[in-house]
Amino acid sequence: MTLPLASSFVRDQDFINALYIVAFGLFIFGLMGLTGPRTAVRGNRIAAVGMLLAIVATFLLPGMGHNWALIAAGLVVGTVVGVPAARQVKMTAMPQMVALFNGVGGGAIALIAWAEFIESSGYDGDPLTFVIPSLFGAIVGSISFWGSLIAFGKLQEVLPGRPIGLKGVGQQLLNLALLLVTIGCAAAIAAGGTAGWLMVALLVAAAALGLFVVLPIGGADMPVVISLLNAFTGLSAAATGLALNNTALIVAGMIVGASGTILTRLMASAMNRSIPSIIAGGFGGGGAVAGASGAGEHAGSVRATSAADAAIQMAYARLVVIVPGYGMAVAQAQHAVREMATELEKRGVEVKYAIHPVAGRMPGHMNVLLAEADVPYEQLKEMDEINPEFTRTDVAVVIGANDVTNPAAKTNPQSPIYGMPILNVNHAKSVIVLKRSMNPGFAGIENELYYEPMTSMLFGDAKASVGQITQELAAL
Amino acid sequence: MFVTNLAILVVSGFLGYAVISKVPNTLHTPLMSGTNAIHGIVVVGGIFVLGFYPDLGAFTKVILVVAIVFGTINVVGGFLVTDRMLEMFKAKPTAKPDEPEDKQ
């Protein structure tokens, strides 16, 4: 068949196009609401109304009227799967949930492109303005789907969080080869190739590319990866919009692409890394080697403390700064932390939270968790705001944060994280680090902070440790 | 038509950039999950292709139904999860003076 997609959409349907315009207007208006905590809930709901409108408008298109049962079944199954998943997911598991939702979106795009290919007998007779966006959607959607699944697996700890893959250049050569195969298949199809295996090969190569690009990326780089994959899915949705001549898809997809790009750049610059270097295999080999050599030098000079001592230290402080990291999320310690802070505030201690832009596994991860625990919005301080305050901080409590507090980022040019902006925890008068063990973080880098004279370590599960401190505080 | 769409694409990119540059760090997670829900609009593409063509092959139908399922999960799950997150932020700035002890 000759896919009269473009012409069918133009055919006298101003009303539906107007609905689409209202829909994307609602998306943009809704996103504007997301710029402030007060308007954000409403903004999100406005965008959801826009989505509903776009779906209803699609049903009204002239020529629609086939396979109703199948469409309804798809919508029902998707809702039945999506609603409980979204309702029940814990706030600590949010990064992997977002990765998963992102992945299925990418998968949908790749599948639609595949269906278009099959039904048009290999884009036979279709103009390049249709074929190229459709192929772009197939490639990037497939990368996004498989990459997101790996990100999900790593965050859910189904897969190891450490980088997996070939050492160094081998991995990059493999990725390059896969990229060339993908582009080669796309070029063959665009040049008129109609064989079914070409599209399958393209999808498989892009899938492998998604797998192999994300597998070697360590857990600490996940905020960058997730927002990058989000941007990818957005861009491929926009491409699908170009192919289907659907303005709502173009606008929505492109806005998501732009926002994902902004976030990705923010995350990458917060780690002082370039996006290409993260995609090319990040902390991988080099970092682990540097970390291993550092481990030997320091062994044995760590000071352990008890919950009782930590409580006394904090109780007589004027300013306590809490530095949360991924460990707090893993231990689900956010409520316990909030209770400890309340106990401190009762005693007249000022409590603030220092939030590093890449603490946790997705942008703003710590803010969400602390908001869940009802920590007042004003106490959450961003890096630039809190760093000057560490010099007048009596006790800095590091809860499951590691690399973002490592002074090596400033002092040791050999360190893989050298140059990354960090929280100046080492400027505080004393530092208490809550940690499960002396194992280095995801990046595999030894943290020099732990060996400083003002630092003491409180080993154990973060939630249990914080709970003990709170009890000790209450008993003082 | 294609050129017009290309123009829309480019303008949308700049518009998205302008709107989203203003989002504070605190709201980055809900922003990501909210935009994530918005790209679930691809479900519209799946609905259209499946609903418009009378004589699709069985395999294509299967692919498209799966695409619709995926897209719906993306949309529904994305908006709900974002809503849950944002509800937690909403109370914050208003209820600060005497922090109540309630824990949801």
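The chain as shown is numbered from 1 upward.
Any Cβ shown, glycine's included, is placed from N, Cα and C.
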Problem - Per TrEMBL, the range holding transmembrane segment, considering A:130-152, A:337-359 - result: A:130-152
Handout entry: Residues flagged as transmembrane segment in TrEMBL, choosing from A:68-86, A:315-333
Key = A:68-86
Handout entry: Interface check, the transmembrane segment (A:197-217) with the transmembrane segment (A:249-268), three or more C-beta pairs under 8 A
Key = no
